[in-house]
Amino acid sequence: MWSPEREAEALAGGDPAGLLPPEWEEDEERMSFLFSAFKRSREVNSTDWDSKMGFWAPLVLSHSRRQGVVRLRLRDLQEAFQRKGSVPLGLATVLQDLLRRGELQRESDFMASVDSSWISWGVGVFLLKPLKWTLSNVLGENKVPAEEVLVAVELLKEKAEEMYRLYQNSPLSSHPVVALSELSSLCANSCLDERTFYLVLLQLQKEKRVTVLEQNGEKIVKFARGPHAKVSPVNDVDVGVYQLMQSEQLLSRKVESLSQEAERCKEEARRACREGKKQLALRSLKAKQRTEKRIEALHAKLDTVQGILDRICASQTDQMVFNAYQAGVGALKLSMKDVTVEKAESLVDQIQELCDTQDEVSQTLAGGVTNGLDFDSEELEKELDILLQDTTKEPLDLPDNPNETFYTNSVPNPRNSDAELEAELEKLSLSEGGLVPSSKSPKRQLEPTL
């Protein structure tokens, strides 16, 4: 938990060992240059200016990240970066440049940047007033007082994301509201001091991811349901849920206390029996039974409260589903608002008409291939039948040479005998390269070719 000692330790930053570059211990000439003050203007020597700024600016931010702090002070940085008794003379210029670039922000300016409606709950001892009127206004905007607190903007955003993640991964996320004290305990290891805790919480409020309300003297925090969602204002349902949660905790603590009392009565009865004090033992057992009955009654009430909380949680889920359905119906109505049955029927008729027109065009184009000649399909069929009948009646036109084989439709003439087929086969075999005739084939004398 937070304490003044812990806050002082966090602000001081401690030893920056492990963050320092190699030349810190090895290069005396380089470190002497880096520890010297900046020139009044960068235009005097831009190379030296940029070299120093390139060394110190990242070192300041990495030192803060390593220490887990988001709040910086010039005095603390000067103490953290002492070397052999020397203090860096240009750190104030470095902080001014980081402020100019928006990587740092004055704590008071950050408070003033948060809308007043989001910090109406107040911050107690955090800050008296989020005023932009600070020492820097007295000394001039180009001066950074040694005691003024600056905020590392990017580190603060990282801490805010870490707080939201801790809440989402904890049992507290079962309900949208949580006591500020419980949230502080949950983030004790992440936020090293009370001021950092409030800064992180204000960053989440600035991002509209949490809202804070004071109820019966205690502050409660409501988180957004999703990592990219915006939190809604605290309503009566949230307050009712918070009160039920408080009742649940009170009943649980009471049950635990009574359980310890019942166990104590049981031990007293056991001890009285060992000492032979029967009446005392009976009284202790009666007290134990009365306590157990009270525990049973409290358990019944606790179950009722927990049941109500579960129903509220379920109803919120049902509401989300209902909203999703409602949005879906609305979108469907919009998408179908110009569609009617009559329009659909008309569209189908138009499509059919276009298809008929396309068929007519296709037929016309196909008829154009005949060069204007119009043939009657029925007449063509009759003519084809006559041709087929005439073909079957006409005698075959046999070749003059009876040794030549005549084929019709590539099928051998069935009038050829087996001997003739064998002779023809032998002729083909010999013509393919002088093959020896088969012993079953008739021998024929071949005449030499002239």
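Note that Cβ sites are derived from N, Cα and C of the backbone, with glycine treated the same way.
A TrEMBL annotation is a machine prediction, not a hand-curated record.
According to TrEMBL, the feature region 'Disordered' maps to 1-22 (among others).
Computed over the domain 'CHMP7 winged helix' (156-224), the whole-number mean pLDDT of the model equals 88. TrEMBL lists 156-224 with the feature domain 'CHMP7 winged helix'.
If you look up TrEMBL, you'll see 248-275 marked as coiled coil.
The feature region 'Disordered' is assigned by TrEMBL to 392-450 (among others).
The annotation compositional bias 'Polar residues' is assigned in TrEMBL to 402-416.
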Intrachain neighbours beyond the coiled coil (248-275), with Cβ under 8 angstroms and 6 or more residues off its ends: 281-282, 284-285, 287-288, 291-292, 294-295, 298-299, 301-302, 305-306, 309
Within the domain 'CHMP7 winged helix' (156-224), residues counted as helix, strand or coil by DSSP: 37 helix, 15 strand, 17 coil
